[in-house]
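The transmembrane segment annotation in TrEMBL covers 38-61, 67-89, 126-149, 187-210, 269-288.
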């Protein structure tokens, strides 16, 4: 079954990343055991990361620069652990959603217009997912490279790790240093994969949902094309079947977005709340903190990753809003003004109901409080700017 999706590279990327953290629909019992084992390793890696950065944050309390530095490390780990916890609770729903998406979106046969829509989604998905994953893994790499560069020319007793270890062992000497460095690096890279994979997956599902609404809009626009050589009864029967298929498809897509909303709404809320703080703290460290150039590179990567994450999830959620409303335009643009009265009497009410329902757009909300759109992106950036100003004022007072 996996070979069917090999045509679209964006799907392969999302599937690979989700399998890397243990969340995918298993097709065999053996694959289920493997994914369960990977999920257990994921939990161990993220928990290890949380313990390390939490201790660092605790012992940094009272030092303004140290707290803001450590906050950039602890917040991504917290949001990853929250997402994993929520998705474990909704794991059955997520597996069913993946299976439904495969069977009804990815593996269906499409006409030329549908193929064009899916190719556009694939190209956009590759750009968004590869860019976001690059920035996230770039942040992990800068965390790993920083101690390597700073350890050059130092004695063994002065060596530092990517994250400080607050335990009473000589961690700067061999073999403790090498063991702890490897442990932190593996936990860091896997946590970074977790940070990227869930949002990449949500973006891909959102783009495909929006694409299906666009395909439905096109079908509605072309629904009342008919051959004048056939009988009126045949025209009525064929067009009624087409319209009923469109109504069923519209209802399926509405239910699909509701399932997306049910699974991702709480993680979306947590992400948006933390994104503003992360952008603020990472920006503060990037512009105003006293640190080496290589350490500033960490926060440049942090800021780029946070911004691109925020942009990607709000952009794709915004596409669902626009595309679901476009169904109403598709129904209105159908060839209904030139229908024979006998056909319009049979199907006019159904067409009108589609237009009325499509006026209420489908959306993904943040905890049910507000729909996520590009306006949300601007609101989070404004909030981050306000927090940044507050941190700068605190910094000025301390100086």
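Placed from the backbone N, Cα and C atoms, the Cβ positions cover glycine too.
Here the structure is a predicted model, which means the values were calculated and not measured.
Only residues 6 or more beyond the boundaries of the transmembrane segment (187-210), in the same chain, are considered here, and those with a CB under 8 A from a CB of the stretch are 10-11, 13-14, 17-18, 20-21, 23, 41-42, 45-46, 48-49, 52, 76-77, 79-80, 83-84, 87, 97, 101, 105-106, 118, 121, 124-125, 128-129, 132-133, 136-137, 139-140, 143-144, 162-163, 253, 256-257, 260, 264, 267-268, 271, 309, 312-313, 315-317, 319-320, 322-324, 362, 364. Long-range Cβ contacts of the transmembrane segment (38-61) within its own chain (Cβ-Cβ under 8 Å, at least 6 residues beyond either end) map to 19-23, 67, 69-71, 73-74, 77-78, 80-81, 84, 88, 163-166, 183-184, 186-188, 190-191, 194. Long-range neighbours of the transmembrane segment (67-89) within the same chain, counting only residues 6 or more positions beyond its ends whose Cβ lies under 8 Å from a Cβ of the stretch, are 21, 23, 39, 42-43, 46-47, 49-50, 53-54, 56-57, 60-61, 143, 163, 191, 194-195, 198, 263, 266-267, 270-271, 274, 277-278, 281-282, 284-285, 289, 291, 298-299, 302, 391.
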